[in-house]
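Undergrad: One structure follows; several queries about it will come next.
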Amino acid sequence: MRLKVGLLGGGSWGTTVAAVVSRNAPIQLWARDAETVEGINRDHENRKYLPGITLPPALGATSDMAEVVAGADVLVMAVPSHSFRSVLEEARDHIRPWVPVISLTKGLELASGKRMTELIEDVLPGHPVGVLTGPNLAREIMAGQAAASVLSMADEIVVRALQPLFHSGLFRVYTNTDLLGCELGGVLKNIIAIAVGMGDGLGAGDNTRAGLMTRGLAEITRLGVAMGGRPETFAGLTGMGDLIATCTSPLSRNRHVGVELGKGRPIDAIIAGMNMVAEGVKSAPTVMALADRHGIAMPIARDVFDVTQGKRTAMDVFRGLLKSSVGDEAHPG
């Protein structure tokens, strides 16, 4: 029996994953925006988020959530963190028991500090939960360029059963049972990407970028391990791999925010000019709260938090780097 997949969310990444899955299984995408739905069904294009890219004819879309959720053997969540819980609550009345729910969202709930898989467990108890995450830039994948990702679930049997749904051609999908570590890597790298972008916006060089990425990965790993993740996870695709892609690609939303901050633009103006969400800006306050709760020093992430909150400028932060004391490489700072 072929599994039917329902995907909630009509953004660039959700549309990309839906296109990949459509090669392996029947899939239907839900989006609130009527123009997005019409464009996918009539023209096989998501003009708002993936203009100029032709989608597979097998991919259909609808604004009827009940239709998508009720018929799904697997449900994929591709909505921003700020609306994740409310969309789950809408879906709750229509989902069948024990249907696996996979998150594509790399963020935290602002009010609770919870990861998206924790929200799934809150709203849909008893459903297997997982994430698809890694160094995955939507436009590159839609252009047919090779990429690797990770499907992570706590249950090894379930994750291996679902792996073939997402693995397709040059889009290679590995499995990992460290759900917490994989999910946190995708969240935390966004903040480091903003820091790297600030350096790029200020005209810093490759040495600065390499230093920020390396020290940033150390911060990610320290917090991730303190929260229960496995150290090796953060050296893999969902940690270092995702960090490299997000910190270096001109397609990265979080890096773009950092670049504009480095140029001196205010955060509100930057966000207002984007039609997609930069999760790192929203996650920064929650990540700082988690770091404080676990007693983990994250100086780079804290600098990003200060700048995105308007407490300091990118120039102030980078000047401060030159004045901070240094010690053993294994220590924070």
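Just so you know, glycine gets a Cβ as well, placed from its N, Cα and C.
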Undergrad: Suppose a student reads Swiss-Prot and sees SER12, TRP13, ARG32, ALA138, ARG253, VAL277, GLU279 listed for NADPH. Which of LYS106, LYS311 should they find annotated at that same site?
TA: LYS106
Undergrad: If Swiss-Prot says LYS106, LYS189, ASP242, SER252, ARG253, ASN254 bind sn-glycerol 3-phosphate, which of GLY71, GLY130, GLY134, GLY211 does it name for the same site?
TA: GLY134
Undergrad: Please list residues from the chain of GLU279 (NADPH binding site) whose Cβ is under 8 angstroms from its Cβ, counting only those at least six apart in sequence.
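TA: In sequence order, the residues whose Cβ lies under 8 Å from that of GLU279 (NADPH binding site) (at least 6 apart) are PRO80, SER81, THR105, LYS106, GLY107, VAL187, ASN190, ASN254.
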Undergrad: When a 10 Å sphere is centred on the Cβ of TRP13 (NADPH binding site), how many other Cβ atoms does it contain?
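TA: A count of 20.
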Undergrad: Taking the Cβ of ASN254 (sn-glycerol 3-phosphate binding site) as centre, how many other Cβ atoms lie within 10 Å?
TA: 26
